[in-house]
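Asker: Before I ask anything, let me first share the structure, which is written out below as structure tokens.
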Amino acid sequence: MSAETKKTDVKKVVLAYSGGLDTSAIIPWLKETYDNCEIVAFCADVGQGSEELEGLHEKAIASGASECYIVDLKEELVADYIYPTIATGAIYEGTYLLGTSMARPIIAKAQVEVARKVGADAVCHGCTGKGNDQVRFEGCFAALAPDLKVIAPWREWEMVSREDLLDYLAERNIETTASATKIYSRDANAWHISHEGGELEDPWNEPTQGVWTMTVAPEDAPNTPEYVALELEQGKITKVNGEALSPYKALMLLNDLAGAHGVGRIDITENRLVGMKSRGCYETPGGTVMFAALRAIEELVLDKTSREWREQVGAQMAHLVYDGRWFTPLCESLLGASKPLADLVNGEVVIKLYKGQASAVKKRSPNSLYSEEFATFGEDDVYNQKDAEGFIRLYSLSSRIRALHGHNK
């Protein structure tokens with residue numbers, strides 16, 4: 001944003017606010033830089049934990065905001081963003097269940113809604129200029145509200161460290177509980193928590209136990225496995241151990257159960273959208289169980305070509321979500337096309353939790369294509385094995401013709 005624009009065009013800004021060091025400094029910085037504009041703080045409750053939200057309204061006002069909106073998005077996040085995404089089979093680079101990525105579209109959408117409500121002419125985020133989130137947020141803003149100005153302080157101000165931010169707040173007598181000794185950058189929601197920075201920036205360093213917060217170390221997990229019974233309807237878990245739960249509450253319970261057995265840890269070096277590689281340690285205990293349960297029922301109900309197609313859709317969807325392209329026609333098309341397959345995912349699964357693993361050990365579905373009568377290795381009355389001969393001749397016909405014409409030499 002140009003210097004001329006700063007003084008004249010920005011009157012009211014809605015800031016994506018967490019109460020952390022960065023956004024606490026952004027509030028006074030915005031007022032100083034943008035001609036004493038009004039700042040409205042917005043916080044999305046996506047299941048990051050009540051301790052993260054405690055005292056947030058008071059803290060925002062004390063930092064200079066005129067108001068602070070805390071919007072509960074937990075159920076919507078799980079029902080309308082997480083479930084549709086995992087129904088496509090989306091996993092980024094084979095391991096990452098897209099915990100941070102899936103939360104960004106709903107946060108950006110809610111931020112735009114608050115901006116419309118209060119009559120703001122700009123939105124602001126605290127994402128760094130090196131990360132993926134700046135692209136995700138601003139891509140969503142462009143799709144939903146291209147008329148709103150976007151302010152990204154980390155691409156404008158001269159502060160480069162936590163010490164700089166602490167000094168900035170101290171000079172303005174703004175209190176903060178943050179310190180310069182924070183080791184890791186963390187981002188949490190109902191689905192997962194990410195850990196980056198500190199000694200993790202060297203991929204030769206093994207994560208210490210101090211990194212992990214949602215899961216116990218697998219080697220310290222109980223020596224006795226735990227079995228969790230799940231019921232699924234149209235690709236969503238509706239009951240856990242016989243108890244009917246909302247999507248969000250089911251996920252929270254599974255987080256507790258799986259986390260106690262060390263399930264859901266990954267340590268990866270991923271390709272960021274902005275071109276560099278980054279190392280992240282992620283914990284997704286409940287999500288790992290949910291993903292395993294859905295895949296178990298899919299094995300029963302999806303035919304071969306449907307599963308192959310779904311794998312292609314999942315790969316494409318993973319990149320769309322990771323790259324911040326949720327509000328696009330292609331994303332909408334993939335989600336819509338995947339729904340008929342998700343609607344077949346009905347049944348029951350028993351998941352075994354043990355020493356970091358979540359394994360589906362029992363599964364059944366009213367939509368199952370599996371038939372024990374046809375699949376048995378014993379004697380049966382429903383399958384004539386001689387029928388396979390004609391199938392094999394036709395299946396291998398092109399290979400036979402190629403060989404007869406001498407093209408295999």
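Each Cβ is built from the backbone N, Cα and C atoms, and glycine gets one as well.
So Swiss-Prot says this about it:
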- Ala16, Tyr17, Ser18, Gly19, Gly20, Leu21, Asp22, Thr23, Ser24, Ala44, Gly126: ATP binding site (BINDING)
- Tyr96, Ser101, Asn132, Arg136, Ser185, Ser194, Glu270, Tyr282: L-citrulline binding site (BINDING)
- Thr128, Asn132, Asp133: L-aspartate binding site (BINDING)
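I'm curious about the neighbourhood of these features; can you describe it?
Answerer: Under the three-state DSSP scheme, Ala16 (ATP binding site) falls in the strand class.
Sequence-distant neighbours of Glu270 (L-citrulline binding site): residues of the same chain at least 6 apart with a C-beta under 8 Å from its C-beta are Tyr92, Glu93, Tyr96, Lys277, Ser278, Arg279, Gly280.
Look at Asn132 (L-citrulline binding site): DSSP puts it in coil. Taking a C-beta cut-off of under 8 angstroms and a sequence separation of 6 or more, Asn132 (L-citrulline binding site) has the following same-chain neighbours: Thr100, Ser101, Arg272, Leu273, Val274, Tyr322, Asp323, Gly324.
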Asker: I want the residues beyond Thr128, Asn132, Asp133 whose C-beta is within 8 angstroms of the mean position of the L-aspartate site's C-beta atoms, in chain order.
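Answerer: Filtered neighbour residues, in order: Cys127, Lys130, Gly131, Gln134, Val135, Arg136, Val274.
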Asker: Given the binding-site residues Tyr96, Tyr282, which one has the fewest other C-beta atoms within 10 angstroms of its C-beta?
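Answerer: Per-residue Cβ counts within 10 Å for the binding-site residues Tyr96, Tyr282 bottom out at Tyr96.
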Asker: I want to verify one value. Collapsing DSSP to three states, which class is Gly126 (ATP binding site)?
Answerer: coil
Asker: What three-state secondary structure does DSSP assign to Ser185 (L-citrulline binding site)?
Answerer: strand
Asker: Find the shortest Cα-Cα separation between Gly20 (ATP binding site) and the binding-site residues Asp133, Ser185, Ser194, and name the residue that gives it.
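Answerer: Minimum Cα distance from Gly20 (ATP binding site) across Asp133, Ser185, Ser194 lands on Ser185.
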Asker: Where the distance is taken from Cα to Cα, which of the binding-site residues Thr128, Ser185, Ser194 turns out closest to Ala16 (ATP binding site)?
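Answerer: It is Thr128, whose Cα lies nearest.
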Asker: With Gly126 (ATP binding site) as the reference Cα, tell me which of the binding-site residues Asp133, Arg136, Ser185, Ser194, Tyr282 is the closest one.
Answerer: Asp133
